[in-house]
């Protein structure tokens with residue numbers, strides 16, 4: 001599995017459409033993606049089982065914090081898309097409820113916001129080196145994270161200083 005957390009301010013900054021509200025300033029779940037290790041890629045659209053919009057109310061309340069739809073107010077639309085595309089590939093191991101519960105549990109255990117705060121790395125517009133971000137995450141998760149970045153849309157393409165915005169952390 002690849003566990004992906006996103007930084008909502010970057011998601012909103014690079015989105016084709018503006019987010020419906022100010023994005024939360026915490027890393028949130030983008031997805032839990034079963035992967036084909038031999039190809040080092042995630043797999044998608046595995047079965048015809050579709051999203052069953054009947055998550056336990058307690059779980060749904062937790063997911064609204066850990067796995068919000070930052071682009072619009074329709075939480076279940078985002079969860080449905082992630083389940084249909086990626087979650088169905090985990091059905092041999094996790095049913096729908098377990099898939100979302102496990103994702104929330106991983107987010108709690110390896111919360112990127114908390115890991116970076118403890119290392120005094122705050123996404124406050126400062127420029128950080130790749131290793132500054134990777135090192136504390138690797139220490140806690142015991143896995144080498146991948147950082148996915150996006151070009152800063154506020155900087156012209158020919159700007160002398162080339163830096164990107166942290167978008168996702170994957171492990």
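Cβ coordinates are placed from backbone N, Cα and C, and glycine is handled just like the others.
Copied over from TrEMBL, here are the features:
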ACT_SITE  30  active site
ACT_SITE  82  active site
ACT_SITE  86  active site
Spacing of the two Cα atoms, residue 30 (active site) and residue 82 (active site), in whole angstrom, works out to 8
Within 10 angstroms of the C-beta of residue 30 (active site), what count of other C-beta atoms is obtained when all protein chains are considered? 24
Measure the Cβ-based neighbour count of residue 82 (active site), defined as the other Cβ atoms within 10 Å of its Cβ. 23
